[in-house]
Amino acid sequence: MTATLERRESASIWGRFCDWVTSTENRLYIGWFGVLMIPTLLTATSVFIIAFIAAPPVDIDGIREPVSGSLLYGNNIISGAIIPTSAAIGLHFYPIWEAASVDEWLYNGGPYELIVLHFLLGVACYMGREWELSYRLGMRPWIAVAYSAPVAAATAVFLIYPIGQGSFSDGMPLGISGTFNFMIVFQAEHNILMHPFHMLGVAGVFGGSLFSAMHGSLVTSSLIRETTENESANAGYKFGQEEETYNIVAAHGYFGRLIFQYASFNNSRSLHFFLAAWPVVGIWFTALGISTMAFNLNGFNFNQSVVDSQGRVINTWADIINRANLGMEVMHERNAHNFPLDLAAVEAPAVNG
(Lines of atoms letter the chains of each structure in order from A and count residues from 1; the text may use other names and numbers.)
(Lines give C-alpha, C1' and ligand atoms only; values in the text may rest on other atoms or scores of the structure.)
Protein backbone atom coordinates (compact mmCIF):
# COMPACT_ATOMS: atom_id res chain seq x y z
CA MET A 1 0.00 0.00 0.00
CA THR A 2 1.40 3.37 -0.97
CA ALA A 3 0.72 6.37 1.19
CA THR A 4 1.17 9.80 -0.37
CA LEU A 5 2.18 12.49 2.09
CA GLU A 6 1.35 16.02 1.08
CA ARG A 7 2.42 19.22 2.84
CA ARG A 8 -0.54 20.39 4.86
CA GLU A 9 -1.73 23.80 3.75
CA SER A 10 -2.66 26.12 6.54
CA ALA A 11 -6.38 26.52 6.28
CA SER A 12 -6.72 29.90 7.93
CA ILE A 13 -5.28 33.35 7.26
CA TRP A 14 -3.90 33.30 10.81
CA GLY A 15 -2.06 30.06 10.10
CA ARG A 16 -0.49 31.48 6.94
CA PHE A 17 0.47 34.62 8.87
CA CYS A 18 2.16 32.51 11.58
CA ASP A 19 4.08 30.56 8.94
CA TRP A 20 5.23 33.78 7.28
CA VAL A 21 6.28 35.44 10.56
CA THR A 22 8.37 32.46 11.67
CA SER A 23 9.81 31.54 8.26
CA THR A 24 13.60 31.61 7.98
CA GLU A 25 13.28 31.83 4.19
CA ASN A 26 12.29 35.52 4.28
CA ARG A 27 14.98 37.96 3.13
CA LEU A 28 14.69 39.64 6.54
CA TYR A 29 13.53 37.45 9.41
CA ILE A 30 10.42 38.85 11.12
CA GLY A 31 9.75 36.61 14.13
CA TRP A 32 7.30 37.19 16.94
CA PHE A 33 9.64 39.66 18.57
CA GLY A 34 9.81 41.46 15.22
CA VAL A 35 6.04 41.95 15.25
CA LEU A 36 6.55 44.30 18.22
CA MET A 37 10.02 45.53 17.21
CA ILE A 38 9.04 46.92 13.80
CA PRO A 39 6.25 49.31 14.90
CA THR A 40 8.10 50.49 18.03
CA LEU A 41 11.37 51.26 16.22
CA LEU A 42 9.53 52.87 13.30
CA THR A 43 7.62 55.07 15.74
CA ALA A 44 10.76 56.04 17.68
CA THR A 45 12.70 56.79 14.47
CA SER A 46 9.90 58.81 12.86
CA VAL A 47 9.24 60.95 15.93
CA PHE A 48 12.99 61.46 16.46
CA ILE A 49 13.47 62.77 12.91
CA ILE A 50 10.43 65.07 13.06
CA ALA A 51 11.30 66.40 16.54
CA PHE A 52 14.99 66.87 15.71
CA ILE A 53 13.98 69.01 12.76
CA ALA A 54 10.98 70.94 14.06
CA ALA A 55 10.20 70.51 17.79
CA PRO A 56 9.76 73.81 19.69
CA PRO A 57 11.88 74.58 22.79
CA VAL A 58 11.27 72.48 25.93
CA ASP A 59 11.06 73.66 29.54
CA ILE A 60 13.48 70.96 30.72
CA ASP A 61 14.06 72.31 34.25
CA GLY A 62 10.41 73.19 34.88
CA ILE A 63 11.28 76.85 35.60
CA ARG A 64 9.73 78.45 32.50
CA GLU A 65 13.09 78.69 30.70
CA PRO A 66 12.69 76.62 27.52
CA VAL A 67 15.77 75.10 25.86
CA SER A 68 15.87 74.88 22.06
CA GLY A 69 16.91 71.58 20.52
CA SER A 70 15.67 71.38 16.92
CA LEU A 71 17.19 72.49 13.63
CA LEU A 72 14.38 74.92 12.80
CA TYR A 73 14.91 76.66 16.14
CA GLY A 74 18.53 77.62 15.50
CA ASN A 75 20.53 74.44 16.10
CA ASN A 76 22.87 72.48 13.85
CA ILE A 77 23.66 68.75 13.74
CA ILE A 78 26.20 69.09 16.57
CA SER A 79 24.18 71.26 18.96
CA GLY A 80 20.74 69.81 18.17
CA ALA A 81 18.99 67.25 20.38
CA ILE A 82 15.67 65.92 21.54
CA ILE A 83 15.33 67.75 24.87
CA PRO A 84 14.32 65.49 27.80
CA THR A 85 10.82 65.71 29.27
CA SER A 86 10.32 68.58 31.74
CA ALA A 87 11.10 68.25 35.44
CA ALA A 88 7.52 69.45 35.95
CA ILE A 89 6.38 66.08 34.57
CA GLY A 90 8.87 64.06 36.61
CA LEU A 91 8.37 60.33 36.12
CA HIS A 92 4.72 60.59 35.11
CA PHE A 93 3.67 58.70 32.01
CA TYR A 94 3.02 61.57 29.58
CA PRO A 95 1.36 60.50 26.33
CA ILE A 96 -0.22 63.11 24.04
CA TRP A 97 -3.71 62.55 25.46
CA GLU A 98 -2.53 63.45 28.99
CA ALA A 99 -1.73 67.02 27.90
CA ALA A 100 -4.33 69.76 27.48
CA SER A 101 -3.03 70.42 23.96
CA VAL A 102 -0.31 69.34 21.57
CA ASP A 103 1.46 72.66 22.22
CA GLU A 104 1.57 71.89 25.94
CA TRP A 105 2.83 68.36 25.22
CA LEU A 106 5.64 69.74 23.06
CA TYR A 107 6.51 72.47 25.59
CA ASN A 108 6.86 69.84 28.32
CA GLY A 109 9.06 67.58 26.18
CA GLY A 110 6.55 64.82 25.47
CA PRO A 111 8.42 63.58 22.37
CA TYR A 112 11.43 62.53 24.50
CA GLU A 113 9.37 60.10 26.57
CA LEU A 114 7.64 58.78 23.47
CA ILE A 115 10.93 58.18 21.64
CA VAL A 116 12.79 56.66 24.59
CA LEU A 117 10.07 54.23 25.68
CA HIS A 118 9.42 53.03 22.12
CA PHE A 119 13.18 52.77 21.48
CA LEU A 120 13.81 50.67 24.59
CA LEU A 121 10.96 48.33 23.70
CA GLY A 122 12.31 48.10 20.16
CA VAL A 123 15.91 47.26 21.05
CA ALA A 124 14.76 44.72 23.66
CA CYS A 125 12.65 43.07 20.96
CA TYR A 126 15.62 43.18 18.56
CA MET A 127 17.57 41.21 21.17
CA GLY A 128 14.71 38.73 21.48
CA ARG A 129 14.55 38.47 17.69
CA GLU A 130 18.25 37.58 17.61
CA TRP A 131 17.58 34.74 20.03
CA GLU A 132 14.48 33.66 18.08
CA LEU A 133 16.32 33.46 14.74
CA SER A 134 19.19 31.56 16.39
CA TYR A 135 16.65 29.11 17.83
CA ARG A 136 14.94 28.57 14.46
CA LEU A 137 18.30 27.89 12.78
CA GLY A 138 19.53 25.55 15.51
CA MET A 139 22.28 27.95 16.59
CA ARG A 140 23.49 28.65 20.11
CA PRO A 141 22.01 31.75 21.83
CA TRP A 142 25.14 33.83 22.49
CA ILE A 143 24.55 36.52 19.84
CA ALA A 144 21.58 37.82 21.84
CA VAL A 145 23.60 37.57 25.06
CA ALA A 146 26.33 39.77 23.54
CA TYR A 147 23.74 42.31 22.36
CA SER A 148 22.38 42.50 25.90
CA ALA A 149 25.35 44.72 26.81
CA PRO A 150 24.36 47.76 24.69
CA VAL A 151 20.70 47.12 25.57
CA ALA A 152 21.62 47.27 29.28
CA ALA A 153 23.64 50.46 28.71
CA ALA A 154 20.77 52.17 26.87
CA THR A 155 18.28 51.08 29.52
CA ALA A 156 20.55 52.45 32.25
CA VAL A 157 20.88 55.99 30.83
CA PHE A 158 17.34 56.33 29.43
CA LEU A 159 15.25 54.59 32.10
CA ILE A 160 17.06 53.44 35.28
CA TYR A 161 18.90 56.73 35.83
CA PRO A 162 15.76 58.90 35.45
CA ILE A 163 13.89 56.55 37.83
CA GLY A 164 16.66 56.84 40.43
CA GLN A 165 16.85 60.63 40.09
CA GLY A 166 13.09 61.07 40.08
CA SER A 167 12.54 62.68 36.67
CA PHE A 168 12.93 61.99 32.96
CA SER A 169 14.52 65.45 32.74
CA ASP A 170 17.68 63.79 34.13
CA GLY A 171 17.81 61.30 31.23
CA MET A 172 20.38 61.61 28.46
CA PRO A 173 19.37 64.09 25.71
CA LEU A 174 19.15 62.58 22.24
CA GLY A 175 21.91 64.52 20.51
CA ILE A 176 25.67 64.98 20.31
CA SER A 177 26.18 68.03 22.56
CA GLY A 178 23.38 66.81 24.82
CA THR A 179 25.23 63.54 25.35
CA PHE A 180 28.38 65.45 26.33
CA ASN A 181 26.37 67.63 28.72
CA PHE A 182 24.92 64.47 30.30
CA MET A 183 28.42 63.03 30.76
CA ILE A 184 29.79 66.23 32.33
CA VAL A 185 26.87 66.61 34.75
CA PHE A 186 27.04 62.89 35.60
CA GLN A 187 30.69 63.29 36.52
CA ALA A 188 29.94 66.38 38.61
CA GLU A 189 27.15 64.72 40.58
CA HIS A 190 28.36 61.12 40.82
CA ASN A 191 32.15 61.14 40.28
CA ILE A 192 31.81 58.35 37.71
CA LEU A 193 35.50 58.49 36.77
CA MET A 194 36.32 57.20 40.26
CA HIS A 195 33.79 54.34 40.08
CA PRO A 196 35.40 50.89 39.58
CA PHE A 197 32.56 49.67 37.33
CA HIS A 198 33.20 52.56 34.93
CA MET A 199 36.89 51.66 34.95
CA LEU A 200 35.96 48.09 33.96
CA GLY A 201 33.83 49.48 31.13
CA VAL A 202 36.72 51.59 29.83
CA ALA A 203 38.96 48.52 29.91
CA GLY A 204 36.24 46.57 28.07
CA VAL A 205 35.72 49.11 25.28
CA PHE A 206 39.37 50.05 24.68
CA GLY A 207 40.58 46.50 25.26
CA GLY A 208 37.93 45.15 22.91
CA SER A 209 39.04 47.59 20.21
CA LEU A 210 42.67 46.55 20.68
CA PHE A 211 41.90 42.82 20.62
CA SER A 212 39.64 43.21 17.58
CA ALA A 213 42.37 45.04 15.67
CA MET A 214 44.99 42.48 16.74
CA HIS A 215 42.80 39.55 15.71
CA GLY A 216 41.78 41.03 12.37
CA SER A 217 45.33 41.96 11.43
CA LEU A 218 46.71 38.54 12.46
CA VAL A 219 44.07 36.69 10.43
CA THR A 220 44.56 38.92 7.39
CA SER A 221 48.31 38.42 7.65
CA SER A 222 48.13 34.62 7.83
CA LEU A 223 45.69 33.74 5.02
CA ILE A 224 46.30 30.40 3.34
CA ARG A 225 47.19 31.33 -0.23
CA GLU A 226 45.25 29.42 -2.89
CA THR A 227 46.26 31.74 -5.72
CA THR A 228 49.39 32.74 -7.60
CA GLU A 229 51.54 35.71 -6.68
CA ASN A 230 49.85 37.67 -9.45
CA GLU A 231 46.38 37.36 -7.89
CA SER A 232 44.93 38.60 -4.63
CA ALA A 233 45.00 36.07 -1.79
CA ASN A 234 41.34 36.98 -1.24
CA ALA A 235 40.42 35.44 -4.61
CA GLY A 236 41.23 31.96 -3.31
CA TYR A 237 38.45 31.99 -0.74
CA LYS A 238 35.05 30.48 -1.48
CA PHE A 239 32.14 31.40 0.80
CA GLY A 240 31.12 28.40 2.88
CA GLN A 241 34.26 26.38 2.12
CA GLU A 242 35.12 23.58 4.53
CA GLU A 243 38.85 24.34 4.62
CA GLU A 244 40.21 26.94 7.02
CA THR A 245 40.84 30.30 5.42
CA TYR A 246 43.82 31.22 7.61
CA ASN A 247 46.59 29.42 9.45
CA ILE A 248 45.95 29.78 13.19
CA VAL A 249 49.22 27.95 13.94
CA ALA A 250 51.19 30.58 12.03
CA ALA A 251 49.29 33.41 13.74
CA HIS A 252 49.84 31.78 17.14
CA GLY A 253 53.54 31.35 16.45
CA TYR A 254 53.94 34.96 15.33
CA PHE A 255 52.13 36.46 18.30
CA GLY A 256 53.77 34.09 20.77
CA ARG A 257 57.19 35.25 19.60
CA LEU A 258 56.14 38.91 19.49
CA ILE A 259 55.13 38.94 23.17
CA PHE A 260 55.44 35.53 24.88
CA GLN A 261 54.03 32.08 24.25
CA TYR A 262 51.09 32.11 26.65
CA ALA A 263 49.85 35.54 25.54
CA SER A 264 48.59 33.87 22.36
CA PHE A 265 45.60 31.58 21.89
CA ASN A 266 46.11 28.27 20.09
CA ASN A 267 42.41 27.36 20.33
CA SER A 268 40.01 29.16 18.00
CA ARG A 269 36.97 28.70 20.27
CA SER A 270 38.75 30.10 23.31
CA LEU A 271 40.02 33.01 21.25
CA HIS A 272 36.62 34.00 19.91
CA PHE A 273 34.91 33.54 23.28
CA PHE A 274 37.48 35.93 24.76
CA LEU A 275 36.95 38.46 21.96
CA ALA A 276 33.20 38.44 22.63
CA ALA A 277 33.26 38.25 26.43
CA TRP A 278 35.79 41.00 27.16
CA PRO A 279 33.83 44.02 25.86
CA VAL A 280 30.44 42.54 26.78
CA VAL A 281 31.35 42.02 30.44
CA GLY A 282 32.94 45.48 30.56
CA ILE A 283 29.80 47.17 29.22
CA TRP A 284 27.63 45.10 31.57
CA PHE A 285 29.62 46.49 34.48
CA THR A 286 29.31 50.07 33.21
CA ALA A 287 25.53 49.69 32.87
CA LEU A 288 25.44 48.29 36.40
CA GLY A 289 27.52 51.24 37.59
CA ILE A 290 25.14 53.77 36.01
CA SER A 291 22.22 51.91 37.59
CA THR A 292 23.76 52.10 41.08
CA MET A 293 24.81 55.74 40.68
CA ALA A 294 21.21 56.44 39.65
CA PHE A 295 20.39 55.90 43.33
CA ASN A 296 23.42 58.00 44.42
CA LEU A 297 25.80 55.16 45.27
CA ASN A 298 28.62 57.18 43.75
CA GLY A 299 32.28 56.79 42.82
CA PHE A 300 35.08 56.70 45.39
CA ASN A 301 35.75 59.88 47.37
CA PHE A 302 39.43 60.29 48.23
CA ASN A 303 39.20 64.07 48.77
CA GLN A 304 41.72 65.51 51.25
CA SER A 305 43.05 62.04 52.04
CA VAL A 306 46.68 63.17 52.41
CA VAL A 307 47.69 65.66 55.12
CA ASP A 308 51.06 66.73 56.51
CA SER A 309 52.14 66.64 60.17
CA GLN A 310 50.47 70.00 60.75
CA GLY A 311 47.15 68.80 59.38
CA ARG A 312 47.44 70.79 56.16
CA VAL A 313 45.97 69.10 53.09
CA ILE A 314 48.38 67.93 50.41
CA ASN A 315 46.36 67.77 47.21
CA THR A 316 46.21 64.57 45.19
CA TRP A 317 44.65 64.07 41.78
CA ALA A 318 41.43 63.14 43.60
CA ASP A 319 41.31 66.70 44.96
CA ILE A 320 41.91 68.15 41.49
CA ILE A 321 39.01 66.09 40.13
CA ASN A 322 36.84 67.20 43.06
CA ARG A 323 37.56 70.86 42.25
CA ALA A 324 36.56 70.26 38.63
CA ASN A 325 33.39 68.47 39.80
CA LEU A 326 32.38 71.46 41.92
CA GLY A 327 32.94 73.81 39.00
CA MET A 328 30.82 71.70 36.68
CA GLU A 329 28.08 71.30 39.27
CA VAL A 330 27.64 75.02 39.96
CA MET A 331 27.49 75.74 36.21
CA HIS A 332 24.76 73.30 35.20
CA GLU A 333 21.08 74.21 35.59
CA ARG A 334 22.43 77.55 36.72
CA ASN A 335 19.02 79.19 37.16
CA ALA A 336 17.37 76.21 38.85
CA HIS A 337 19.73 76.20 41.87
CA ASN A 338 21.27 78.93 43.99
CA PHE A 339 24.06 76.67 45.21
CA PRO A 340 25.30 73.16 44.46
CA LEU A 341 23.67 70.08 45.95
CA ASP A 342 26.82 69.32 47.95
CA LEU A 343 26.27 72.51 49.95
CA ALA A 344 22.52 72.01 50.15
CA ALA A 345 23.08 68.62 51.80
CA VAL A 346 24.87 70.21 54.79
CA GLU A 347 22.63 70.83 57.78
CA ALA A 348 22.02 74.51 58.45
CA PRO A 349 23.53 75.89 61.68
CA ALA A 350 21.16 76.39 64.59
CA VAL A 351 20.06 79.97 65.24
CA ASN A 352 19.48 80.96 68.86
CA GLY A 353 17.06 83.73 69.61
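Cβ from N, Cα, C; glycine included.
The feature transmembrane segment, as given by Swiss-Prot for the ranges 86-101, 118-133, sits at 118-133. Annotated range for transmembrane segment in Swiss-Prot, selecting from 29-46, 47-64, 245-262: 29-46. Least packed by the Cβ count within 10 Å, out of the binding-site residues His118, His198, His215, His272, His332, is His272.
Spatially close to Ser264 (quinone binding site) yet at least six residues away along the chain are Ala251, His252, Phe255, Gly256, judged by Cβ distances under 8 angstroms.
Annotated pair Glu333 ([CaMn4O5] cluster binding site) and Tyr161 (site 'Tyrosine radical intermediate'), C-alpha to C-alpha distance, rounded: 18 Å. Among the binding-site residues His118, Asp170, His198, His215, Phe265, His272, the ones whose Cα sits within 10 Å of the Cα of Tyr161 (site 'Tyrosine radical intermediate') are Asp170. Take the CB of Tyr126 (pheophytin a binding site) and look out to 10 A: across all protein chains shown you find 19 other CB atoms.
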